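**Student:** The structure is given below, and queries will be raised subsequently.
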Amino acid sequence: MSERKVLNKYYPPNFDPSKLPRVKREKNRQFTIRLMAPFNMRCTTCGEYIYRGKKFNARKEDVIGKTYLGIQVYRFYIKCTKCLAEITFLTDPENSDYQMEFGAIRNFECIRLAEKQAELEAKQEKEEEANNPMKILENRTRDSRREMAILETLEDIRELNAAHASVDPKILLQEHQELKKKMLEMQEQEDEEEIRRIFRNKNSEEVSDDQQVELEESKREKIKLEENEEEISSKRIKTDESKNSALSEFLKNPLINQSSNNALTKSKISSFIKKKPDTVPNEGKDQVKPSLGALSSLAEYSSDEDE
């Protein structure tokens, strides 16, 4: 494929540029260029507003005899979009801006007014300094104080730079690593303490549960022991009452016809004398033995009579 834009042209080997005729050019030649409006303006013929940044096909030419510090001043020609009236403006290299020349009026801009005011104040100060010697002396003292302050700040900066230069970067890195290690150790210790505290609380809760179970069991055992003791005491009371009643009846009857009533007395006494009741074993307590008392002596007396 060939190039879309032909940049390299073919020159034959027998080409002689001296044989080409010299082209005559105009002195103030105009070029057609594409540009944008550099500021907001209003057409003087129709009053149409042209905003900044609107594109135009403009003609450019050099302004003859106008330069600023060797910089050429240029003139641009554009046409109004409504009435096609010609509008011209110039470059202003002194203020790094553009200057309206003909066909339109530039809109008011407060920034430009402030800049002009600042320039006027600077010019007035320069004139006062040139005419008033006291003002010159005041400015000199102010400048000397400012220089002294600047020198002091420079000395402080140099001292700081020297202190930083004396420090070894390896030492700084080691200190930084040590700080990191200490921070990690502190975090690990805090985590371990937190874990221990959590497990301690859990163990205390479990111990409390076990203690509650033990207390309940001990209460139940105490209740059982109390019930057993009550049963044993009730049995003792019954046996004592029956023995007392039998003794009272035996003492009231006379000792006549004992031979005929021996069998009855034996049966009665055997009925009164009972075996030892099977007591419930108590933890840490001795078994209670029932006391026979007078009945044992009666049993011995009856056995002697039989003999």
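Just so you know, glycine gets a Cβ as well, placed from its N, Cα and C.
Automated prediction, rather than curation, is the source of TrEMBL annotations.
According to TrEMBL, the protein carries these features:
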type	residues	note
BINDING	C43, C46, C80, C83	Zn(2+) binding site
COMPBIAS	206-215	compositional bias 'Acidic residues'
COMPBIAS	216-243	compositional bias 'Basic and acidic residues'
COMPBIAS	275-288	compositional bias 'Basic and acidic residues'
REGION	202-244	region 'Disordered'
REGION	275-307	region 'Disordered'
**Student:** Return the count of C-beta atoms lying within 10 angstroms of the C-beta of C46 (Zn(2+) binding site), excluding that atom itself.
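**Tutor:** The Cβ of C46 (Zn(2+) binding site) has 12 Cβ neighbours within 10 Å.
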**Student:** Could you check the binding-site residues C80, C83 and say which one's CB has the fewest neighbouring CB atoms inside 10 Å?
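**Tutor:** Checked C80, C83; of these binding-site residues, fewest Cβ neighbours within 10 Å: C83.
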**Student:** Apart from C43, C46, C80, C83, which residues in this chain have a Cβ no more than 8 Å from the mean position of the Cβ atoms of those residues at the Zn(2+) site?
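**Tutor:** My list of surrounding residues reads T44, T45, G47, E48, T81, K82, L84, A85.
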**Student:** Per DSSP, to which secondary structure element type does C83 (Zn(2+) binding site) belong, with helix, strand and coil as the options?
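**Tutor:** The residue in question, C83 (Zn(2+) binding site), is coil (DSSP, three-state).
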